[in-house]
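First comes the structure, then the notes that go with it.
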Amino acid sequence: MATENKNLSQYDKTTIPNAKNFRFGIVVSEWNEEITEGLFQGAFDAFIDCGVVKENIVRWNVPGSFELVYGCKKMQESFDMLDAVIAIGSVIQGETKHFDFVCDGVTQGIKDLNIASDIPVIFCVLTDNTLQQSIDRSGGKHGNKGTEAAIAAIKMAQLRKDATFYK
Ligand SMILES: Nc1c(NC[C@H](O)[C@H](O)[C@H](O)CO)[nH]c(=O)[nH]c1=O
Ligand SMILES: CC(=O)[C@@H](O)COP(=O)(O)O
């Protein structure tokens, strides 16, 4: 289902685990900051709405989406008590193929972090053709992908906790 057929901000709290004891990291790219700040606010507000204590949310900034991989890796290493990390970025097609390489690099890098570390990293990186598409997905007509990412982070934190329990 394409994003245009669903609202990224909609969630059913009855299906979401209690998040009051979870601790989350959020790494935010400064490129297209009017978009990434909207994504961050969506994630932060959803965490608070689902019971996360604001003192249990740590935020770091990085220059661009390509640096999200290193930033998330260092956050995993620095705060081993985190239950999940969200990587927030906005990549918008320009004149050249640079878009392709940035998108592929950050995608593969975050995938690799999920394989290498026990702390899940949630992929909240918009990869859009136009600024309008980014606006529409960071609090606009299609909702907020940051909200979607926070819900995914809570669900993955619970999965990780449950999996540890059964060891
Ligand atoms: N064009 C965009 C970039 N480019 C910058 C790279 O992410 C990186 O910071 C640079 O290549 C130095 O390593 N980043 C975005 O997040 N969004 C863009 O649209
Ligand atoms: C995603 C990018 O790096 C891109 O926005 C840079 O723009 P350009 O391809 O015109 O150099």
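Yeah, the Cβs are placed from backbone N, Cα and C, and that goes for glycine too.
Please treat TrEMBL annotations as automatic predictions, because they have not gone through curation.
Under the heading 5-amino-6-(D-ribitylamino)uracil binding site, TrEMBL lists Trp31, Ser65, Phe66, Glu67, Ser90, Val91, Ile92, Phe123. On its own chain, Phe123 (5-amino-6-(D-ribitylamino)uracil binding site) has Ala87, Thr107, Ile110, Ala149 as residues at least 6 apart in sequence with a Cβ closer than 8 Å to its own Cβ.
Among the features that TrEMBL reports, (2S)-2-hydroxy-3-oxobutyl phosphate binding site is placed at Glu95, Thr96, Arg137. In the three-state DSSP scheme, Glu95 ((2S)-2-hydroxy-3-oxobutyl phosphate binding site) is classed as coil. Its own atom aside, the Cβ of Glu95 ((2S)-2-hydroxy-3-oxobutyl phosphate binding site) has 6 Cβ atoms within 10 angstroms in the protein chains shown.
Under the heading active site, proton donor, TrEMBL lists His98. Residues near His98 (active site, proton donor) in space but far in sequence (CB under 8 A, at least 6 apart, same chain): none are found.
Reported as a whole number, the C-alpha separation between Ile92 (5-amino-6-(D-ribitylamino)uracil binding site) and Arg137 ((2S)-2-hydroxy-3-oxobutyl phosphate binding site) equals 13 Å.
Taking the Cβ of Arg137 ((2S)-2-hydroxy-3-oxobutyl phosphate binding site) as reference, residues of its chain lying under 8 Å away and at least six apart in sequence are, in sequence order, Thr3, Leu8, Leu126, Asp128, Gly143, Asn144, Lys145. Within 10 Å of the C-beta of Ser65 (5-amino-6-(D-ribitylamino)uracil binding site) there are 27 other C-beta atoms, taking all protein chains into account.
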